[in-house]
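Visitor: Structure in structure tokens, see below.
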Amino acid sequence: PVLGIDYAHVRIPFEISLWILLACLMKLGFHVIPSVSSIVPESCLLIVVGLLVGGLIKGVGEEPPILRSEIFFLFLLPPIILDAGYFLPLRQFTENLGTILIFAVVGTLWNAFFLGGLMYAVCQIGGTGLNHIGLLANLLFGSIISAVDPVAVLAVFEEIHINELLHILVFGESLLNDAVTVVLYHLFEEFANFEQVTIIDIILGFLSFFVVSLGGVFVGVIYGVIAAFTSRFTSHIRVIEPLFVFLYSYMAYLSAELFHLSGIMALIASGVVMRPYVEANISHKSHTTIKYFLKMWSSVSETLIFIFLGVSTVAGHHYWNWTFVISTLLFCLIARVLGVLGLTWFINKFRIVKLTPKDQFIIAYGGLRGAIAFSLCYLLDYEHFNMRDMFLTAIITVIFFTVFVQGMTIRPLVDLLAVKKKQETKRSINEEIHTQFLDHLLTGIEDICGHYGHHHWKDKLNRFNKKYVKKCLIAGERSKEPQLIAFYHKMEMKQAIELVESGGLGKIPSAVSTVSMQNIQPKTLPLERALPALSKDKEEEIRKILRNNLQKTRQRLRSYNRHTLVADPYEEAWNQMLLRRQKARQLEQKMNNYLTVPAHKLDSPTMSRARIGSDPLAYEPKPDSENLPIITIDPASPQSPESVELANEELKGSSHLSSSPEEDEEGLVMRVKEPSSPGTDDVFTPGTSDSPSNQRMLRCLSDPGPRPEPEEEEGEPFIPKGQ
């Protein structure tokens, strides 16, 4: 025939292409109509499209396709997880790793057992028709429905632009709880086939959690290191560089699934490990290819998952039981809220940045369920779990409630509670310098305190990475390049390429254009500007100086403890000296307070004239007071009694009668005491004014005693010569 039709030959790839095309057109249409996408999340609209397409196919008389678990776990889920793991914000993730692990492990276990136990209690109530569902089946159902879904969390949280802390807490929990879900799922599935579960089975199930989680991480690290090492030799064949990243990551996922390990943990570990070394080896074009291909692949997979959820809802077999479905939905919400509140109360005892009540509400409200629970339930065998249809119905109800109700209302609630949003800022070289400075500073403080905390182990890992790992996995001189210089080169390259792509290269001056082009294609320094090379002896001498004075500083540091400090042999003597000095000063102060006559407060000239005018007789000079010495004190610079120098008071007292009137008006002279030399004890070292006669003169001047008779006063000085 000239023209023939053979649809069966191309049926499967043709239908797959149609579904992908439908997904892309739907995604395009939602963003063309901003009024719809700003109110309803994209995941909700895709589920509605799936419901409509499934109903249309069923109305035509065909059987709609169902989201099979093999397709979901082997083809649709890996791109989403690889995209999340490869571009994971590693700093925020590691700083909050303890909190994420507590939410992922303890929170998921709490949800599973709390929900399974309460559902078993509901099934035992008479009249519900659920008495045939045992404890293990309910615990299996609880383990399936308890885990937060990373696909649903990504779809909703990326649209509301929540701050980095909340995003990494909820998203990190949804990634890491996969190990708990896999272990509990296989554990209860195996236990359901046993006639009797022993203590040994429970212990083995507990150990399998560590094997599944740590085994998945180990597999991911192995493949990540192999991918980084392979990228070292691709400088001549740049075209296949992105392919190595995708193939090694996918092999890590399949190898983990082969041994019933956590494939999600393997994908995350491989992406995190390979990224810094691969990006140092591959070209910028390959990096752009990896970035956009991963984003495209994960976006298409996410769209297909939500569309097929809607189609499977129409096409699947359902068994509706009001008691079971409503109880499941209610207990899911209660378990999530109680788990978040209890764990946050415990976590806040150890966190520096506390989780506020608003944060706790968003974490509890963001616990969305998705296609992972649906696919795990779809994997159950009808022979052992004849209630699978009822489980599927309840799970789809919970998924629809969390995605539609919680997903649609979380954005208005975030705005209402004024939760901090993510700030889109470009990293600057200034921020990078200060971040590294604070990291080094906190590491040094931890070393001084003897506290091996987060920064200490991070610094150890960085040193090991720089000393050994980089030399093996990064080719050329890039392995020796400091982190700050590498970041600067990366920023310069990005800025230059953005400038070229924006078409601004022709509008700026030629000098700037030349600099930008040099950033894109860096040239070597001319010979006259090259630094002179040091001789081997000089270089070895500099290294020796640095090694002896700087590098061993960290090794000399000790952990300071008040129980291990060596006692100072002179400390007791110094304490005794200080106590004696303090007692002497207190005694001297008491004596001065007891013997010193307080001076009258000096009045202003206006007040003095007013007093004399009101009572002239009271302010006339006494006839018998002309022989008394007069102490003149400058009120602008009052001195303490200790600073009065009395060395020449004896001479003044003896020559008082023969002194001239000018000298008589001067009175006693007040001098500032000379400061003692450093290192001398001013209490126990005798000075010129500390003799017994001077001390007696001080007491006499302070308390002149009763006024002498006029006839005895003639010819006698105020201070006798013999004293």
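Note that Cβ sites are derived from N, Cα and C of the backbone, with glycine treated the same way.
Whatever TrEMBL says is automated annotation, not expert-curated.
Taken from TrEMBL, the feature coiled coil covers 536-563. Under the heading domain 'Sodium/hydrogen exchanger regulatory region', TrEMBL lists 511-596. Taken from TrEMBL, the feature region 'Disordered' covers 606-723. Feature annotation from TrEMBL assigns transmembrane segment to 12-33, 39-59, 71-88, 100-123, 135-156, 168-188, 200-230, 250-273, 294-316, 322-348, 360-379, 391-414.
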Visitor: Taking the transmembrane segment (322-348) as reference, which of 200-230, 250-273, 294-316, 391-414 has the most Cβ pairs under 8 angstroms?
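Guide: Looking only at 200-230, 250-273, 294-316, 391-414, the most contacts with the transmembrane segment (322-348) come from 391-414.
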Visitor: Considering only the recorded stretches 39-59, 71-88, 100-123, 135-156, 294-316, state which has the highest number of Cβ pairs under 8 Å to the transmembrane segment (250-273).
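Guide: Result: 71-88.
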Visitor: For the transmembrane segment (294-316) and the transmembrane segment (360-379), decide whether they are in contact, meaning at least 3 CB pairs lie under 8 A, counting pairs 6 or more apart in sequence.
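Guide: They do touch: at least three Cβ pairs between the two stretches lie under 8 Å.
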Visitor: Would you call the transmembrane segment (135-156) and the transmembrane segment (391-414) in contact, using three or more Cβ pairs under 8 Å, pairs 6 or more apart in sequence?
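Guide: They do touch: at least three Cβ pairs between the two stretches lie under 8 Å.
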Visitor: Along the domain 'Sodium/hydrogen exchanger regulatory region' (511-596), what average pLDDT does this model show?
Guide: 65
Visitor: Please give the sequence-distant neighbours of the transmembrane segment (71-88): residues at least 6 beyond its ends with Cβ less than 8 Å from one of its Cβ atoms.
Guide: 150-151, 154, 171, 175, 245-246, 249-250, 253-254, 257, 263-264, 267-272, 275, 290-291, 294-295, 297-298, 300-302, 304-305, 371-372, 375
Visitor: Top stretch among 12-33, 39-59, 200-230, 391-414 for CB pairs under 8 A with the transmembrane segment (360-379)?
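Guide: Going through each listed stretch, the top one turns out to be 391-414.
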Visitor: Under a Cβ pair cut-off of under 8 Å, which of the recorded stretches 100-123, 168-188, 200-230, 391-414 contacts the transmembrane segment (39-59) most often?
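Guide: Between the stretches 100-123, 168-188, 200-230, 391-414, 391-414 has the largest tally.
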Visitor: Same chain, outside the transmembrane segment (391-414) by at least 6, Cβ under 8 Å from its Cβ: which residues?
Guide: 39-41, 43-44, 47, 141, 144-145, 152, 155-156, 159-160, 162, 309, 313, 316-321, 324-325, 328-329, 332, 361-362, 365-371, 373-374, 377-378, 380, 385, 421
Visitor: So which residues does the transmembrane segment (100-123) touch in its own chain, when a touch means Cβ under 8 Å and the partner is 6 or more beyond its ends?
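Guide: Contacts with the transmembrane segment (100-123): 93, 130-131, 133-135, 138-143, 145-148, 168-169, 172-173, 175-177, 180-181, 184, 323-324, 327-328, 331-332, 335-336, 338-340, 342-343, 346-347, 363.
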